[in-house]
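Novice: Checked TrEMBL, it gives:
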COMPBIAS  429-440  compositional bias 'Basic and acidic residues'
COMPBIAS  448-462  compositional bias 'Basic and acidic residues'
DOMAIN    1-56  domain 'Ubiquitin-like'
REGION    429-463  region 'Disordered'
REPEAT    109-141  repeat 'ANK'
REPEAT    142-174  repeat 'ANK'
REPEAT    241-273  repeat 'ANK'
REPEAT    274-302  repeat 'ANK'
REPEAT    339-365  repeat 'ANK'
REPEAT    377-409  repeat 'ANK'
Amino acid sequence: MLHVRMPSGEELASIPAADLSTVRNLKNDLQRICGVPRFRQKLLHGGNALEEDMRLDASMESVLLVLVVFCPASEDEIEELVFSPSQGSVEEVEQILQRSIDPNAATPDGKTALMQASLEGHTEFADLLLEARADLDVSDNDGVTALLTASREGCEDMVQWLLVARADFNKADGNGCTPLVGAFQEGQLHAARLLVQAGAGTGPGPQGNELLYNECAFGHNREVVQLLLEARVDPNTATEDGSTALIGACDEGRPEIVQSLLASDADVNLIDSNGFPALFLASQNKHAEVVRMLVQAGADPDKEIMQTTVLHNACVENSVEVVRWLLHAKAALDQANEDGTTPLNLACSFGHLEIVRLLVEAVADRIGVAGLDRVYGGYTPLHCASIHNYLPVAHLLVEAGASKDITDEVGCIAFDYAKSDDMAKLLATDKPRNRQKGDEECSEAVESDIHGDEDQSREGIREGICGEVWQARNPMNKPGPAEEAARTYVAGLLSPFCRPSKGKQR
């Protein structure tokens, strides 16, 4: 039996002879009793200190345990300890720690030996330092911890070691950067995965949402998005300039990312700082698959943006598949913009035949044939087709049952705006007319003032020229009543589409 006594004479432990081995093993056993790591234990026998690898036997009868305090260390000794993981061996680190130097001793910039081991990815050095009771969560002068260092460097083994050792995985540096944020910022996906699996987050600051937005809008790795969502980054929290992750993904047309965000309850009707929802941006950029996903997730197709709607915009842009999905979502057919223009009137004015076909079918199904004869902005769809000389569109409307006898606000029927014999033949009617004085100017006004500028007007819509600017560049003098009505209609096409830059300002 070997007795272990304290300097006070108190017996701390009695070890049976059969259980005796080396001094190191005995110190480890004593650590569980007294709570002091072996590097601060000195075992004496006959007044001599016993070496770590010395074997013990019962003939010694008793040993004296002395618990030492950390010795003050010089700058050279501290540097020797701190940089030993990169410059020395495990045995050398052991020898340094045996000199009772504080394992948390730091250089002037706050670096410790554990931080250096984390930087180098040396888990064997970290084992010794942890045994010496090194602080896992101590930080340098910039607030950087060993785990943040390992995460940024992508040292997977070291990250795993620190997580098993129960390092604080949410402790941030002075800039609010957590280990998970650091891993993502440096592209260390494997380290990030380990952290997320351990329950790490991105912290209370904006970094998590910035990371999520940037990856959704500009990144190429869906797994990064998934990991950020698993790390509880809120997809509905906007970045500092007002954009959400869903808005970014829809703006750029990334359906696989949109799917992940929708599965995480991203709000499809939030708007960015310009007032645009995700559906408008997806439609504007002709991302039909994204539009499908959004409307099926409950995006509002009738939400007004700058006093117009997504369907108006899709009709102008000739986005056939986008229009198809908006109609599938029951987008309003008779919702007019600020100038009273409907989507069907716009499509007829631009000659977008396939879109006109879709809208006519929807009008007939939901409203009835009479819906084709409604006057919006002063004109019926047939007026619009005639004004802009789109014969196939006019044919489609007539075949669908559109009336040729509806007059506009100055008393003109579609026939009065015909510019070709074929159009006139198609729109001819025998119905008696009661035209107002001056309405004989209809055809002349449209020919001289509308038709000559219609290409410019359509280009103005696509390039974002506001109606007022377009009119300023195209002065008209002394308009008659028919001319004034026609000009008001063209200006009405332009004014709802003074388009700002799309989505997030970059």
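Cβ atoms here come from the backbone N, Cα and C positions, even for glycine.
TrEMBL does not curate its annotations; it predicts them automatically.
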Novice: Given the model, what does the mean pLDDT over the repeat 'ANK' (109-141) come out as?
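Specialist: So the average pLDDT across the repeat 'ANK' (109-141) works out to 95.
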Novice: Per DSSP, how many helix, strand and coil residues does the repeat 'ANK' (274-302) have?
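Specialist: Once the DSSP states are binned, the repeat 'ANK' (274-302) shows 16 helix, 1 strand, 12 coil.
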Novice: Which residues of the chain, 6 or more past the ends of the repeat 'ANK' (339-365), have a CB below 8 A from one of its CBs?
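Specialist: For the repeat 'ANK' (339-365), the nonlocal Cβ contacts are 309, 311-312, 314-316, 318, 320, 323-324, 327, 331, 333, 371-372, 374, 376-382, 384-385, 387-388, 390, 392-393, 396-397, 400-401, 458, 488-489, 491-493, 495-496.
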